[in-house]
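So the structure is just underneath, and the comments pick up after that.
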Amino acid sequence: MTSPLWHPFTQHGLGEPIPKVVRAQGALLHLADGRTLIDGISSWWVTTHGHCDPRIAAAIGAQAQTLDQLIFAAYTHDPAEEVAQGLIDLAPRADGRDPLSHVFYSDSGSTAVEVALKMALGYWHNRALDGLSTPRHRILVLEHGYHGDTIGTMSMGERGVYNAAWTPLLFDVTTIAFPHAGQEPKTLAALEAACTAPEKPAAFIVEPLILGAGGMLMYSPAVLREMAAICARHDVLFIADEVMTGWGRTGTLFACEQAGVVPDIMAVAKGITGGSIALAATLATARIFDAHLSTDRARLFYHSSSYTANAIACAAAAANIAIWREEDVLGRIAALSQGLAQRLGVLARHPAFANPRQHGTVVAIDLIASDAGYLSDLAPQLRAFFLDRGILLRPLGNTIYLLPPYCLDSDQLDQIFEALAQAGDFFAGSA
Ligand SMILES: *Cc1c(COP(=O)(O)O)cnc(C)c1O
């Protein structure tokens, strides 16, 4: 009997194995057939402290028996208020910059980014109603960006085979070249030119420090800082998509901190609940909120989803924030980052690999291959190779990356890097 399941980003026609997981703890996934896997990518970038963290699990259990779900239009509850205050306290801040001061909940990274986009456009719409600006609709994006899989977020992401079916419906954006090493001045000049073009842009959206789905492409905090400064100079809203980079991935709680950048709007999701349950938030500065503040109901922010600020998800996020406050999470991240750096340095000497890179707990390296595109057969072959060795990895084309939970121990690190070296031996020249 075939399964009714239709999996995401899965070509069912290839008949790849679809392992069944029955239990997870820490960095380990336990399969129905008795095997265990090390989760090398935090179950698609969400698990931070480890699977089934006891504090988060307990908070979910207690909340589920107290208040599960509540309409959030003009109603409120403690978990939502506690998390909102926690987010504001933890958000990047800098002298002379308006702090992020308002929190809008949704339920996935894609919706958090859609909300960011709608806030930015709503800001300029309402400014125009007041005669303070001409309307602005153009969005600037970074080449190779990824912001989600809804129509709006795909519009702002890299175009390719993964969105070809919908290309005619995606809205037009201005793409700024990625700041590859040595090319940074070109990127900054292109951004400056786009900000001063006759059609004034509404906003520039970036993934700070790491472009995830675009191939774990990395750039420096200095470039991030300069990009934000250019936007500020030309009154173009700066949107940080911290959906992947947030919650410690790059070595700091949020990537923007490393550049001293306070975005006008910031999207967070994935690790907000420690990776336990779906929740997302879009943070905005007072001027974005105030542009929607009026006695006129036509000015309110028209966005909602049924599960906005779900109380169980907010309780999980509150427990996650408590862990960040009370435990030495940054210490764990620093130790893991060091363990990764040391082993990546050794692996980088393997002749099958090129372009090693790292920001905090995210490391990536490219397998030298003739067939390196997204649809290369290499990625599924590598997936199977690592699965055979008890490791969950999901390479992006010929780019192999690790994005592990922070509880990964040194034995597990050794096991993963042993398998990476074996992959280098096995696939060198064969691709
Ligand atoms: C994963 C991701 C998203 C989308 O988040 P979902 O929860 O999968 O909708 C958006 N932006 C970035 C940078 C991401 O990595």
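Note: Cβ is positioned from N, Cα and C throughout, glycine not excepted.
Feature list (source: TrEMBL):
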type: BINDING; residues: W44, Y146, K270, S304, R394; note: substrate binding site
type: BINDING; residues: G109, S110, D241, S305, S306; note: pyridoxal 5'-phosphate binding site
type: MOD_RES; residues: K270; note: N6-(pyridoxal phosphate)lysine
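The binding-site residues shown are W44, Y146, K270, R394; of these, the one with its CA atom nearest the CA of D241 (pyridoxal 5'-phosphate binding site) is Y146. Annotation for S110 (pyridoxal 5'-phosphate binding site): same-chain Cβ neighbours under 8 Å, separated by at least 6 residues, are H147, G148, D149, T150, T153.
For R394 (substrate binding site), the same-chain residues lying six or more positions away in sequence with a CB closer than 8 A to its CB are I41, W44, A379, R383. In this structure, G109, S110 are the binding-site residues from W44, G109, S110, S304, S305, R394 whose C-beta falls under 6 Å of some atom of ligand 1. Shown in sequence order, H147, G148, D241, V243, M244, A267, A269, K270, A280 are the residues of the chain, 6+ apart in sequence, with a C-beta less than 8 angstroms from the C-beta of G109 (pyridoxal 5'-phosphate binding site). In this structure, the C-alpha atom of S305 (pyridoxal 5'-phosphate binding site) lies 22 angstrom from that of Y146 (substrate binding site). The least crowded of the binding-site residues S304, S305, S306, judged by other CB atoms within 10 A of its own CB, is S306.
Neighbour counts of Cβ atoms within 10 Å were compared for the binding-site residues W44, Y146, D241, K270, and the top value is held by D241. Calculated from their C-alpha atoms, the gap between Y146 (substrate binding site) and S306 (pyridoxal 5'-phosphate binding site) amounts to 25 Å.
Max Cα-Cα distance over the annotated pyridoxal 5'-phosphate binders (G109, S110, D241, S305, S306) is 23 Å.
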